[in-house]
Amino acid sequence: MSALEKSMHLGRLPSRPPLPGSGGSQSGAKMRMGPGRKRDFTPVPWSQYFESMEDVEVENETGKDTFRVYKSGSEGPVLLLLHGGGHSALSWAVFTAAIISRVQCRIVALDLRGHGETKVKNSEDLSAETMAKDVGNVVEAMYGDLPPPVMLIGHSMGGAIAVHTAAANLVPSLLGLCMIDVVEGTAMDALNSMQNFLRGRPKTFKSLENAIEWSVKSGQIRNLESARVSMVGQVKQCEGITSPEGSKSIVEGIIEEEEEDEEGSESVNKRKKEDDMETKKDHPYTWRIELAKTEKYWDGWFRGLSNLFLSCPIPKLLLLAGVDRLDKDLTIGQMQGKFQMQVLPQCGHAVHEDAPDKVAEAVATFLIRHRFAEPIGGFQCVFPGC
């Protein structure tokens, strides 16, 4: 998925590198580059891809919440981008540069609650209803009673939230809807394996460079350019750590669990706390959100999603990494012409990160086809065959 959502499709990706903990060679060996193949894993700032950043204040019953958005463009419809679980708005960085060069549009990439730099009173409430309301509230806070035309584009969990937002009519100026690699049937089938996937990820990283390297070599993000900006939004410094210490060799793909001996419980707990502190010192970065704790919301994100998507009375686009992801309802709907679909092969679950140019072409073609936006830079539409 992203972490969480990536696991939904893990077994269906044909050319996936082995994940840490899955028995692949990466899980037991240190990550090393061959001679002459060293790559740059240093993080890249958001400002290389977005024009500006804004913290949008939203008033509610409990006070004020602040939602981080990244923006580009000044004309055309607003493409409101919703990331997948565990990711952040920065996962759209490379896509943003690609789409802005093809059509006249405005980009608003949003950090959903509990993710990225968004700060809310109750960051643990990740229900579909709450997050959909957040999206509507952010649009209202940014544009008032007369918002510009908006197209919702969401990846995985973000795609589900986009559909819930559209179905509840929370964005009155909505003109289009796009889901990226999220299908109810596949998602529901994968619910039982999500916790196992999350347990297989590293818990900490010694540096941002280490986190970026892991994301690429594990197959979470196959595009190094995107990983260098995207992973910054997925990890944070551990609490109580002010600066990274040491410069030890790259951490292995998995932080192996400590073996428990037969000491008394007090001794074990004391040793565990000491070990945790040492781990934080050597590996001061961890995930921004503990996805395992959001399990009670997973079913609500995806159950009934296909029919909800089909029921939205606006032009719709579905982008998939593989045609085998279609469930029965979407297969019938696609045959009936209820939405446009395009398959982008040779991508992982993070389609918009792995192939940002192809996703930008698909979205730009969709916008021009429906006369929602004007092409720029001599962009030529290429209509898909399905």
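Using the three backbone atoms N, Cα and C, a Cβ is placed for every residue, glycine included.
For reference, Swiss-Prot has these:
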| type | residues | note |
| --- | --- | --- |
| REGION | 1-38 | region 'Disordered' |
| MOD_RES | Ser15 | phosphoserine |
| MOD_RES | Arg16 | omega-N-methylarginine |
| MOD_RES | Arg16 | asymmetric dimethylarginine |
| ACT_SITE | Ser156 | active site |
| ACT_SITE | Asp181 | active site |
| COMPBIAS | 255-265 | compositional bias 'Acidic residues' |
| REGION | 255-280 | region 'Disordered' |
| COMPBIAS | 268-280 | compositional bias 'Basic and acidic residues' |
| ACT_SITE | His349 | active site |
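Every protein chain considered, the tally of other Cβ atoms within 10 Å of the Cβ of Ser156 (active site) stands at 32. Each residue contributes its Cα atom, and for Ser156 (active site) and Asp181 (active site) those atoms are 6 Å apart. A simple Cβ count within 10 Å picks out one of the active-site residues Asp181, His349 as the most packed, and that one is His349.
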